[in-house]
Structures are given as C-alpha cells and as structure tokens.
Amino acid sequence: MTENTESPQSVATDIPEHKRRIKSFVLRQGRLSQAQQNAIDTMWPQYGLTLEDKLLDFNTLFGREAPTIIEIGFGMGNSLAAMAEAHPENNYIGIEVHRPGVGALLKLVAEKGLTNVRVFNEDAIEVLNRQIPKNSLSAVYLFFPDPWHKTKHKKRRILQAEFAEKIAQYLAPGGQFHMATDWEDYALHMMSVMSAAKGYRNISGEGQYTPRPDYRPLTKFEQRGHRLGHGVWDLVFERI
C-alpha cells in the first residue's frame, strides 16, 4: 500500500464510539476505470459482500468446507488473486475500502475464473466485529499497510495492541497472522506489538522475522526494491 500524505481528519467526541475510532485510512475518492466499473457491475452480485449484522457461514458462502483466509487492505488485488489462483483449496475474503481496488480485484477474478474469492468494500474492523465468527479463520494477511511514518500519525497505524488481540479472537487455534512491510520502523513496531500480544507465538522464534513464505507473491514493487537494496520484513505469528 502506498504512503498516504493526506492529513488525518479530526476525531469528534459527540458521535458513537465506532465512528470516533481512529481509522488507519483516509478514504480517497479515486476514479474507477471503465474496466473496473464494468467488473463491479458484472461481478459484484456474485462475489461482493454487503456489511450486515449477521455472522457469515463460510461453508454456505463458498459452497464447500475449506480453510478461510482474510486479507485486510488488498490494494489492487494482485497478490490476493494470485494466491487464490495458486491455492484453490483455500477460501479467500478480501477487505478493501478503496473502490478502484475492489474493481481491479473483481476484474482479475473474472479473468482468472476464480470461484474462491469474496470481497468487502468496507472498513475491516467493522467486518470483523459484525460478520466474522470467532475462532474461524485459518489466516489473516496484512500486507504493506499504510506506514503512517510521521510521528504525529503513528497512532493511526492499523497494527496496535488492541488490533493484534482482536485478530487472535478470530483465528482458529494454529491459525496464522502474517504481516509484511517495507518500512523498517513499522517492522520494528509490528515486532514489538506482536511480541507483547497475548495468545500468539512467533513461528520463527522470539524477535525473529520470517523469510517471505512461498505463498506470498513477490510484488513488482518488491522486486524493484530488492534491486535497489531496500528491505522487506515479514512477520508470522501463530495463535496458540
């Protein structure tokens, strides 16, 4: 996810708590391409999910019993589509607030003929709170979230202690929370938060980062970064 340089909105105190929560994103009104709009028009009825106050039944949703994985903030959907294509044995639910990314993913779903992907165009916290059963997920992926690198904005980083403990509630025992970032300061923050969070173990050992697992696609951005000597840090913590 690219760096966000917009100023965060002020937080009001006279509105409900779920609306006062400091959000990790600023909703930008990006323009959809015609192809993205067409994909939403044609694919959303089958693959799109609308936020409700009702827990999902994954077996009914996907028409089968299979491990279910959520990716939070899938960007333009390239990695999620690649994983779903490479691992048809898994179910994938993508959550993204930016509509062009939703359109881009649905376009890939159509092109690849994927049937194991469903999509929310919503705030991930709201989806978790209202629709995901506890102890149900095989994995949660958080790849390249906004680093909010300015000191005054770091409180907006999605990975905080409360969020880490929330994710643990939705993972099945043995389920994994996999994070990746290309900002070293955020990698250190992630390691600090996750090492202190209850209910997890670092699969690579205390304080250790994990080599990129084969299932996480190497992005074009990463490939360019590697050529320039830039680092990428993966962390994988298992619910115990």
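Heads up, the Cβ atoms here are built off N, Cα and C, so glycines get one too.
These features come from Swiss-Prot:
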{"type": "BINDING", "residues": "E71, E96, D123, D146", "note": "S-adenosyl-L-methionine binding site"}
{"type": "ACT_SITE", "residues": "D146", "note": "active site"}
{"type": "BINDING", "residues": "K150, D182, T219, K220, F221, E222", "note": "substrate binding site"}
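Annotated features taken from Swiss-Prot, shown on the structure.
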{"residue": "E71", "record": "S-adenosyl-L-methionine binding site", "Cβ within 10 Å": "25"}
{"residue": "E96", "record": "S-adenosyl-L-methionine binding site", "Cβ within 10 Å": "25"}
{"residue": "D123", "record": "S-adenosyl-L-methionine binding site", "Cβ within 10 Å": "19"}
{"residue": "D146", "record": "S-adenosyl-L-methionine binding site", "Cβ within 10 Å": "20"}
{"residue": "D182", "record": "substrate binding site", "Cβ within 10 Å": "17"}
{"residue": "T219", "record": "substrate binding site", "Cβ within 10 Å": "19"}
{"residue": "K220", "record": "substrate binding site", "Cβ within 10 Å": "9"}
{"residue": "F221", "record": "substrate binding site", "Cβ within 10 Å": "15"}
{"residue": "E222", "record": "substrate binding site", "Cβ within 10 Å": "17"}
Legend entry - Pairwise C-alpha maximum, in angstrom, for the residues (E71, E96, D123, D146) that bind S-adenosyl-L-methionine according to the record: 14
Inset, instruction - State the Cα to Cα distance, in Å, between D146 (S-adenosyl-L-methionine binding site) and K220 (substrate binding site), rounded to an integer. - result: 18
Legend entry - Spatial separation of F221 (substrate binding site) from D123 (S-adenosyl-L-methionine binding site) - C-alpha basis, Å: 25
Legend entry - E96 (S-adenosyl-L-methionine binding site) and D182 (substrate binding site), Cα-Cα, nearest whole angstrom: 20
Inset, instruction - Provide, as an integer number of angstrom, the distance between the C-alpha atoms of T219 (substrate binding site) and E96 (S-adenosyl-L-methionine binding site). - result: 18
